[in-house]
Amino acid sequence: MTREGEVHGIPADPSAAISVRGLTKTFGNFTAVDGIDLDVPRGQVFGFLGPNGSGKTTTIRILTGTSAPRSGQALVLGEDVVAHPERVRPRIGYMSQKFALFEDLTVDENLRFYAGVYALDPAVFAARRRYILEMADLQGRERELTRNLSVGWRQRLALGAATIHEPDLLFLDEPTSGVDPVARRQFWDLLYELAGRGVTLFVTTHYMEEASHCHRLAFIYRGRIVAEGSPNEIRANLSTQRVYDVTVRDADLALGWLETADGIAEAYLSGAALHAVIDRGVDRGAGALRERLVAAGFADAVVVSVEPTIEDVFVNLVSRERGQTDGSSDRVS
Amino acid sequence: MSLTRIRLLVWKEFLQLRRDPLLLRLLLLMPIIQLVGFGYVVSVDVRNLPTAVVDLDQTVVSRQLESSFTASGYFLVVARPDAETQLTSLLDTGVAKVALVIPQGTQDLLARGQTAPVGIVVDGSDSQIASVGSGYAAQAIARFNASRTAAFTGSLQAPGIDARTRVVFNPTLDPINTMIPGLVAAILMISLMSIMSQAVVRERESGTLEQMFVTPIRPSEYLIGKVAPYALLAVAQLSVVAAIGMLWFKVPFNGSVWVVFVGLALFLLISVGLGLLVSLISRTRQQAQQALVFIMIPTMVLSGFIFPIESMPEAIQPLTYAVPLRYALTVLRGSFVKGSGFEALATPLWAMVGFAIVIFGAAVIATRRRIAE
């Protein structure tokens with residue numbers, strides 16, 4: 001049955017929260033998801049990372065049973081979600097970046113609606129409602145239209161609505177985009193609380209600092225998983241390279257120089273500073289790099305060796321992948 | 001399929017409708033305004049046709065002839081030029097739509113027992129006024145002849161041929177009687193389609209559609225939950241329109257309530273289905289609006305609502321069979337004016353059943369595809 005399952009050599013695992021083998025989805029000539037394998041153990045916060053258009057949302061749609069894959073196997077909570085989405089849906093929750101609440105309904109009406117959809121009995125609903133109102137800090141505002149709530153509250157209410165039926169697995173599709181850093185922080189605290197109660201979280205994000213909040217990560221790029229592991233394992237991808245943080249007044253000009261300079265594997269903007277990646281074989285330390293920068297006319301350059309961030313790894317993986325697919329046809333597997 | 005979930009969706013839809021007072025007001029006021037507007041425009045135009053009378057005879061007989069025109073109520077004398085040459089400018093400027101020319105010597109000719117020719121000029125730029133105007137003019141002259149014959153013989157049983165046209169089914173030829181039943185269908189379609197076309201696309205834009213389909217809600221439950229509240233509203237609208245039509249405009253109702261009910265119910269489903277389809281296919285609300293206009297204009301032109309299908313070029317006429325409103329109009333007019341029953345209207349009724357099946361089938365397929373995207 002698991003024709004594609006042999007890619008990993010291991011068949012799909014029904015005890016995992018999510019187990020996917022050879023999942024492929026095409027739209028016309030475009031391959032959105034290209035034969036991916038994934039295992040998400042129960043009770044973990046699983047980060048699914050990738051740039052926009054890399055196949056994150058398509059994967060979530062398949063896993064929630066709203067989109068049928070072209071081929072491959074997808075077990076969600078041990079059930080084949082492609083064949084029996086109705087068995088999976090009552091046990092999963094879903095929250096998108098749109099915080100899909102009915103804006104012309106009140107806080108209470110929104111909760112009542114979703115409670116009804118999952119057929120919660122009145123006693124359970126009363127308890128869940130109390131819990132969600134407290135969690136979202138919305139006590140006393142039950143009769144307000146959700147349209148009038150500000151973003152942070154709407155986000156927490158949406159989380160409450162998506163988890164009103166206490167799902168075993170929660171999908172979050174870029175749940176924090178457009179939310180200010182403080183609210184984002186509070187939101188992650190809520191996610192940890194859910195994870196602490198044994199809920200598996202499948203989170204997509206393109207905020208790299210959020211990736212380190214996850215137990216496990218997978219990078220998807222152009223429909224393929226290019227790296228998978230714990231944040232530390234992911235960082236180890238760069239163990240053969242060193243990352244330098246370069247602070248310089250004229251960052252644009254310096255970036256142009258770094259991109260073409262000898263021995264620099266990679267250079268890119270990272271916050272207000274620049275990051276330069278150098279292979280360990282040719283690395284001569286921060287001082288040497290500074291001297292070269294000064295010689296090139298960047299007298300104010302400050303160079304510090306830093307621990308690679310998830311973002312550094314990500315940029316590196318993407319450029320490696322690009323080099324493989326664009327440069328030659330013989331892909332290393 | 002779960003009744004509980006459908007009830008929940010209907011409850012949600014009504015709550016949302018209640019929060020949109022403008023929409024609700026529009027839904028109930030729009031049909032009334034349209035009905036009164038159309039109703040009066042239509043009825044005023046055909047009565048009191050502005051008429052110019054050129055009386056070159058200036059005799060008792062010529063004045064009798066003129067009064068037989070004005071007495072009918074269809075002609076209103078607005079000008080009395082001295083010469084026929086002045087008519088052109090009156091008709092060109094639209095001051096007069098009809099002109100009556102009584103030549104000199106009309107009384108003498110009639111007194112000698114000869115036929116006296118009179119001229120009737122009708123502005124043909126509006127085909128409806130032209131045909132109605134010339135018809136009424138012929139009736140007025142016939143009435144004049146009859147009264148003269150009666151006066152001569154002393155008997156009301158006038159000899160000779162009475163060439164008066166008898167208009168069947170709508171004896172007063174009052175267009176309001178065919179207009180109101182048509183309006184009922186047209187108003188139903190316009191308001192239902194414009195609301196339904198926004199219904200799904202709005203939820204798509206806000207992301208709630210996506211959210212709902214990750215829950216146990218099924219596409220069929222969603223569709224029923226969407227259609228049912230608006231269908232109920234449509235029934236309310238309908239009652240208002242029908243009541244105004246019958247009580248205010250005194251449109252006679254000759255047919256069976258059941259025929260009207262079945263016809264309207266089918267047409268209501270078709271309109272909701274079409275709107276739903278537009279909403280499912282469109283990605284944004286603007287797109288939905290454009291699509292609506294795209295459907296609406298040919299529907300109005302080709303259905304026979306404004307222009308009679310019989311007067312369309314033969315090459316165009318087959319197209320009218322693709323317009324659902326055409327069948328609704330046939331059923332409603334047939335039932336209101338002629339009192340036709342189920343047997344007589346079987347063809348248009350079955351045609352509407354066909355349309356409803358095709359449109360709802362397409363809506364279900366479109367919903368599935370929308371979700372899967």
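Just so you know, glycine gets a Cβ as well, placed from its N, Cα and C.
If you check TrEMBL, you get these features:
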- B:137-370: domain 'ABC transmembrane type-2' (DOMAIN)
- B:21-42: transmembrane segment (TRANSMEM)
- B:179-201: transmembrane segment (TRANSMEM)
- B:222-249: transmembrane segment (TRANSMEM)
- B:255-279: transmembrane segment (TRANSMEM)
- B:291-309: transmembrane segment (TRANSMEM)
- B:349-367: transmembrane segment (TRANSMEM)
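For the transmembrane segment (B:291-309), same-chain residues at least 6 beyond its ends with a Cβ under 8 Å from one of its own Cβ atoms are 182, 185-186, 189-190, 193-194, 197, 274-275, 278, 281-282, 316-317, 319-320, 322-326, 329-330. Tertiary proximity for the transmembrane segment (B:179-201) is limited to same-chain residues at least six positions away from its ends with a CB under 8 Å from its CB atoms, namely 23, 26-27, 30-31, 34-35, 38-39, 42, 209, 226-227, 230, 234, 237-238, 241-242, 245-246, 249, 251, 264, 267-268, 271-272, 274-276, 278-280, 282-285, 287-289, 291-292, 295-296, 299-300, 305, 325, 328-329, 332-333, 335-337, 370. Sequence-remote contacts of a segment are chain residues at least 6 beyond its ends whose Cβ falls under 8 Å from one of its Cβ atoms, and for the transmembrane segment (B:21-42) they are 175-176, 179-180, 183, 187, 190-191, 195, 233, 236-237, 240-241, 244-245, 248-249. Beyond the ends of the transmembrane segment (B:255-279), by six or more residues, the same chain brings 184-185, 188-189, 192-201, 223, 226-227, 230-231, 234-235, 238, 288, 291-292, 295, 324-325, 327-328, 331-332, 334-336, 338-342, 345, 348-349, 352-353, 355-356, 359-360, 362-363, 366 to within a C-beta distance below 8 angstroms of the stretch.
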